[in-house]
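In what follows, a single structure is set out as structure tokens and then discussed.
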Amino acid sequence: MNEDLKVNLSGLPRDYLDAGAAENVSAAVSSQFPVVEPEPELVVNPWDIVLCTSGTLISCENAIVVLIIFHNPSLRAPMFLLIGSLALADLLAGVGLIVNFVFAYLLQSEATKLVTVGLIVASFSASVCSLLAITVDRYLSLYYALTYHSERTVTFTYVMLVMLWGTSICLGLLPVLGWNCLRDESTCSVVRPLTKNNAAILSVSFLFAFALMLQLYIQICKIVMRHAHQIALQHHFLATSHYVTTRKGVSTLAIILGTFAACWMPFTLYSLIADYTYPSMYTYATLLPATYNSIINPVIYAFRNQEIQKALCLICCGCIPSSLSQRARSPSDV
């Protein structure tokens, strides 16, 4: 009787006490043999998948252009060197987008994050600078038509290539060398780990490059119109023929500049006004069109070129179509 009283001091039923004892035993066992919790499932951001897919398409497309120019000795003129520089920059940008996806979900560390962002910044900067260099080259080829194919033009092209790649590499090294926001999140831009000041410098540099390209293309447009008018007078073309040729040249320039602005302007302006507190969806939505510029560049600058078309046909089918071998270059092919 005394033992029963001692056990029931709590006033709880015996069945409840037995259940409590079982729980205590279970807890003691689990403390000796810890339960392994299942690892959380890896959640992949759909925006990252789209960027990785875009990077894959960029890499494949521009790799074709790089291989064509590299393996064809006849494509060594300044224009093709600059087109090759543009394709190489876009190729590295595509690789950077793929590597960023792999590192973000498989190998996360500060070092990989800095290297990936540095590669993307350097490659996209080189892409924009190559577009500017191509614009300068087109202007010089029209303005100094008589002396353009001289040795001095080749030297000037190599100087432009060294300068644009040197500048781009320096911009890409800034986050790696310490100019990042990993230690102070309040200074982050919309693209972590770039600082707000770093993003502002890149955005202002793009706006400057765009303004310079716009001015050069206006001058190119004037030269094309003047050349087309002179050719029309020399060959006694009708006014309608001169109008059609001029309109085609202006339309080509408008497509080139309009595509560049439509792809890069949203992200550039957003980087200037936003910071890390803004929703990441806006960053993805403005960054994605910028990557499309690297998809469109080979179509505008490489695959429209008659010499590259011939080289591509030789690689694919071993022949040159008669339509390519007989087509002459017109003033509107700028």
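Residue numbering: from 1, along the chain as shown.
Using the three backbone atoms N, Cα and C, a Cβ is placed for every residue, glycine included.
TrEMBL labels come from automatic prediction, so no person has curated them.
Now, the feature entries from TrEMBL:
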{"type": "TRANSMEM", "residues": "47-70", "note": "transmembrane segment"}
{"type": "DOMAIN", "residues": "61-301", "note": "domain 'G-protein coupled receptors family 1 profile'"}
{"type": "TRANSMEM", "residues": "82-108", "note": "transmembrane segment"}
{"type": "TRANSMEM", "residues": "114-136", "note": "transmembrane segment"}
{"type": "TRANSMEM", "residues": "156-179", "note": "transmembrane segment"}
{"type": "TRANSMEM", "residues": "199-218", "note": "transmembrane segment"}
{"type": "TRANSMEM", "residues": "250-270", "note": "transmembrane segment"}
{"type": "TRANSMEM", "residues": "282-303", "note": "transmembrane segment"}
Compare 82-108, 156-179, 250-270 by their Cβ pairs under 8 Å to the transmembrane segment (199-218) and return the stretch that comes out on top.
250-270
Take every residue in the domain 'G-protein coupled receptors family 1 profile' (61-301), average their pLDDT values, and give the whole-number result.
88
